[in-house]
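Visitor: Please read through the structure below; I'll follow up with questions.
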Amino acid sequence: MTWFDAFVMYLYGLKWLAIVVMVLLFIFGIDDLFIDLYYWTRRIYRKLTIYRKHDYADPDKLLAEPEKPLAIMVPAWQEMGVVDKMAANAAASLDYENYQIFIGTYPNDPETQAEVDHVVEHYPNVHKVICVEPGPTSKADCLNNIIASIIEFENKTKIEFAGYILHDAEDVISSMELRLFNYLIGRKDMIQLPVYPYPQKWYDFTAAHYLDEFSELHGKDIVVRESLAGQVPSAGVGTCFSRRAIIHLLKEGDGLPFDVQSLTEDYDIGFRLKSWGMEEIFVRYPVTLEQAQLREQKAGVGKRAGNVVCVREHFPTTFKTSVRQKTRWIIGIIFQGSRTLKWTKDWKINYFLWRDRRGAIANIVSFLAMALFIQLLVIWTVEQFYPSSYRVLSIFENEPMIVFFLYANLLFLVNRLVQRFYFAKQYYGWWQGFLSIVRIFWGTLINFTASLRAIKQVMQHGDPRKVAWDKTSHVYPVVAPPRKQPLGSLLIGHGKLTEAQLEQALMERPPGIRLGVYLVTAGYVTLNDLSEAIAEQEYSSFQACDPFELSQELIDNLPSELAFKYSVLPLAEDGKTLVVGREYALSPVSEAALSRRLGRPVRGCVTTQGAVTLGLRYWYMNDKEVDPREALEHVQRSQNLDAHALQRLRDTYFIRQLPFGVALVQAQAIDSAVMAQVMISYQRSGETRLGDYLVREGIITDAQREAALAYQKRHQVEMKELLAEAVAGQPGNSCEF
């Protein structure tokens, strides 16, 4: 056989391969065209009818809805350098208060546990869950452990979470996300938000091809899916399940809501909930420009599309890690999904099952089409430069069927590029829209490689459900909160305490007494020194306060229910801004909530220790006996106390104030995390005191309340006791805790 004979056979095979590929591309093109036509017809119809009669959704409605308790679930296996930043960012920026974050870790992953412990130090609404089995198990197994921990937390706090939210460790969460879930969860059983990857350098096609795919998927395809079939697949992040949905999943799974053998544990849940008659929604909800802190600041971004509440995250930046991630998706959705999710009697559900499962074939066909195109382009180029050469392409040009499929698929390709450009441009701007046209070919190569790898792994294991969790490494775009510095180190650093004094105080300090309380009581430092150090430790500003010198006019700016709820006292007005003091830092979320409730800007700061506790009693409980000024003046005159002794009396009085909530925690009647959730739910009204509320709700017993009251009485000192010591010649020395 000559080289020419071999070349002819090659061309003959190329021709029939091209025919098969073009037929399959035509089928896929018709499929995609149907989705495109449905989307644009629906969008134009709604614009001409619904939105001519009704306004778009008002973002202010999200703020008006009373807050329901929500739980965020974050599975974490070997997420060093990621999970602490994600949890800290969420805890610091979410415009919502009534929520808890549960992070699932593994007993053989101490590095991740240490990072979670770091976040728990800063935020009482973040909880570490340690899975029973060592990792790596499946993500679903980790989520099942988290659900079990949430149920235990509910039993302790006597609350019921209204929504359970899925997130990954690398997610950046919109500040309005929980507001949106809170608004919809009473009517919907599964809510899915759009996901938008972060763009990298313009030449980083691997990471950027994700934004092209997600822009079109969550800008158009899932919108059509929900409208046509009423079924929404969970993306695994930005998904909220109602309590009803979780309970049903627990019942059906014999206590295990997520399939532990699934690599895409979230995919099948949408189908299961739909089959049980539950309501699902994919929501693209634009908010105001000020609320859309995740919006891309680029030219060409859509006015409404760029402001949607969404999830942002970084995706793999290398070819290898991207292929690994997409292999997991393909195995979970196509191969495992085909085994667990059978065809239904609903043609609309079946249609979208087909679209999900065609991926393995479509990825390979698309790559073959690209390879064929390159080969034919080379042949065409040769013919143009050498007119006397064999007219090889005539074997294609003389076939009407091939010409038809060629032009039809060319039109489908142009449509595909236009659709991809539009949806990428709507969220990321003109530049990324144009780049998406080029990146489509790189994405085709990644998807082709991932499909081959998925097929290989399934063939090696024999059963797709036996493939292990091949997790992807991630990065996170923000800086974690700095670790708190020890109080003693801060005081030494500012020259308020020596190393020897600190060691002596630590040795002398009675068991169970906080170091700061003892340092002031024993006269090592002043109250002001300690308060300033605590402000620095909390990374907050400091403003000293004498609660008895405040004016009634200033107090009237803050209603009692808010003062008690947030344990704050109004200190000053800075223009339109109300400055409120707290004995420990006020969280950004609480600060924003106060601002909304008061209808004016609010700025929190750390103030003098004990001042808020005394101020609340004096101004809001009308307990005028807590004011020590008259008694101090009397003892100064009668006992001839100097200014130093008098100041020490006052400092001791302030630092020895102990709110009942703190006494409950220190007396171990209630866990600090449980107490934080209780204070979110508790609204002080009339004679309903905190202890009565806790007993009534079954959170603590009568005996525990009495024990906490006894603890408070033993540790909290009243001025008359200090004055008695002063008369005895030992002013402020009482350490009989």
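Every residue, even glycine, has its Cβ placed from backbone N, Cα and C.
TrEMBL entries are annotated by machine, without manual review.
When I checked TrEMBL for this same protein, it listed these features:
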TRANSMEM  16-40  transmembrane segment
DOMAIN    165-380  domain 'Glycosyltransferase 2-like'
TRANSMEM  360-381  transmembrane segment
TRANSMEM  401-418  transmembrane segment
TRANSMEM  430-450  transmembrane segment
DOMAIN    546-623  domain 'Type II secretion system protein GspE N-terminal'
Visitor: Taking DSSP states H, G and I as helix and E and B as strand, how many residues of the domain 'Type II secretion system protein GspE N-terminal' (546-623) are helix, strand and coil?
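Guide: Final tally across the stretch: 35 helix, 17 strand, 26 coil.
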Visitor: Cβ under 8 Å to the transmembrane segment (430-450), counting only same-chain residues 6 or more beyond its ends: which ones?
Guide: 199, 202, 205-206, 208-209, 211-213, 215, 298-300, 319, 322-323, 326-327, 329-330, 359, 363-364, 366-367, 370, 416-417, 420-422, 424
Visitor: In the same chain, which residue numbers or ranges, 6 or more beyond the ends of the transmembrane segment (360-381), come under 8 angstroms Cβ to Cβ?
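Guide: Here the qualifying positions are 14, 17-18, 21-22, 24-25, 28, 330, 334-335, 392-393, 396, 409, 441, 444-445, 447-448, 450-452, 454-455.
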Visitor: Would you report the average pLDDT that the model assigns to the domain 'Glycosyltransferase 2-like' (165-380)?
Guide: 90
